[in-house]
Amino acid sequence: MNRLLVFQLRRVGRNKQYLFFTVLLPALFTIFITKIIGGQAGDAAGFQDLAASVMVSMMAYGALGAALGATIRISFDRASGWLRQLRITPVPQTQVVAVDVAVGALLALPSLVVVALVGRFVNGVQLGLGTWLTLVAVLWAGSVAFVALGILVGLSLEEKAAGGAIGILGTMLAALGGLWWPVEMFPDAMRALARFMPSYWYAEVGRDVVAGSSTVLPVLALAGFTALFGVLAVLVGTRRPLHAVSG
Amino acid sequence: MPGTPALDVSGLTVRYGDTVAVDELDLTIPTGQTVALLGPNGAGKSTVVNAVLGLLAPAAGAVRVLGRTPREAVRAGSVGAMLQHGGLPSEARVGEVLDLVRRSFPTRWPLEDLVVTAGIDGLLGRPVEALSGGQRQRVLLALALAGAPPLLLLDEPTSAMDVEGRRAFWTTMRGLAERGHTVVFATHHLDEADAVADRVVVVAGGRLVADGSSAQVKAGIVGRTISFTAAPDRRLDGLPAVTGLTRQGTTVTLRTADADVTLRALLADGGLPDLEVRGATLEDAVLSLISTGTDAPIGVAR
């Protein structure tokens, strides 16, 4: 395996916050939210819908937080001078970015799997094996939108702003995209706003997989966001090379 | 290739927006030399270093490291550097960082010898965050040496070191020079240039203003600086022993090879309000080198 990838994974592994915010917290939310609002479900089928929906939201929340957290950190590596240091080794700059993309994508997976397991074995969400696998696979693939967003933010912002952005962006995307409260509970204006959030479409992909309905619209929307973030990241990266000194 | 210089810079011009940081600079450094790139802050030393490493693109001119372009030279491990704005990654151990960097090079400095040479014995298991300033610099030196580069570039390497650390560092550098490495270091400390380099290149305003052995450059710098306040119409030409003169408003600064003679002549000619006499600093020397307006650098070109 690529040495830089192993190196980066080892660094992230030392970060305890990652485990807490992107795996443990979404898992606990999945249990609590389902317990609190589960009583509103009239019957077993209603509870199934509700529990599945909460689970999908929390899978999305955990995965997007992990993807953002892992990639925005590129800003810290710029600020410390590490990216500049790497620039005077034979390691190509494209590999540096590619590895961070890979790390962001890899880190999204544990959140997805753990929350899915909690949904299945704690909350009793019943889905076919194929649906489970599709759900995790599709949400994993969709996390690339937030990997792209994280790289864009990490390349654009200075260290302090980037540190703040990890929490703020994750919270904003979750709250406004309807991951913490279903958009059906939103006032009209906020419901309209949710449609401009990549997080909304991300969760929609998962909900459509669970419901067995067509995922074409949310997949297209999410792909659009991914392309937008990706293009912007490339533009920012070309204007301001990785080795540029911050400040 | 025998005869290929370790570093060959010709007509190098670097601009930051409208500011010219390096102005048509020529510099050839044969292999095996230890060269100090001396100059005040903002002289363009770091810009030269960064251009040699390919960290910035010159507006004009060419840089060759052992006959290679900067990018090729970095990839081939021909050049290693301690950068002014280089750094170590968080949440990593020294050994991991060193291993990653060392293994990225086609040729590698043997690890045990690298640890001893850079003086990082016992630090490999240490988290980067737990390093002192001096230890950090030594780790950065180890990274610079990791690819066994024939040319070593050091951009103000001792700025974070105490006196003891500096002495040990320059001892290491002398050892490297004896092993045949070409060492080029940027500094604004005259004493460092004097003690370590066998050639001193003075850079000011992005230009090369002096180039020669340490003794030759110092000869151009010895003397004293006399400053005082004078009316703009006071005539100051024809003063004995004066080697340089600058006027900033009513403040006159003279450089003189013989302060005694110059002062006598000045006093015979009138008063000297706000008189100050001091030994010439590097800044003074550089200022005088510029103010004498010589386009041709003083000293001996090699």
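Here the Cβ of each residue, glycine as well, is placed from N, Cα and C on the backbone.
What TrEMBL annotates here:
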type     : residues  : note
DOMAIN   : A:17-240  : domain 'ABC transmembrane type-2'
TRANSMEM : A:18-38   : transmembrane segment
TRANSMEM : A:50-76   : transmembrane segment
TRANSMEM : A:97-119  : transmembrane segment
TRANSMEM : A:131-155 : transmembrane segment
TRANSMEM : A:162-181 : transmembrane segment
TRANSMEM : A:216-236 : transmembrane segment
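Between the transmembrane segment (A:131-155) and the listed ranges A:18-38, A:50-76, A:97-119, the one holding the most Cβ pairs under 8 Å is A:50-76. Among the listed stretches A:50-76, A:162-181, A:216-236, the one sharing the most Cβ pairs under 8 Å with the transmembrane segment (A:97-119) is A:50-76. Remote same-chain residues near the transmembrane segment (A:216-236) are listed as 142, 144-145, 148-149, 151-152, 155-156, 198, 201-202, 204-205, 208 (criterion: CB distance under 8 Å, separation of at least six residues from the stretch ends).
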